[in-house]
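Following: one structure in structure tokens, then a few remarks.
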Amino acid sequence: GDPTFCGETCRVIPVCTYSAALGCTCDDRSDGLCKRN
């Protein structure tokens with residue numbers, strides 16, 4: 001289904017910090033939100 005928003009944004013720096021440990025990556029195509037597929 002759709003990627004899950006991880007509650008972290010990555011607009012300023014395109015890197016997810018704390019949610020990266022949860023398997024989340026920066027989806028720069030959708031307002032810079034960290035998402036997990």
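Please read every residue number as a count from 1 along the shown chain.
In case you wondered, yes, glycine gets a Cβ from its N, Cα and C as well.
Of the cysteines Cys6, Cys10, only one is given by Swiss-Prot as the disulfide partner of Cys26: Cys10.
A strand conformation is recorded for Cys34 (disulfide bond) in the three-state DSSP classification. Candidates Cys16, Cys24, Cys34 (disulfide-bonded residues) were compared with Cys10 (disulfide bond); those inside 10 Å Cα-Cα are Cys16, Cys34.
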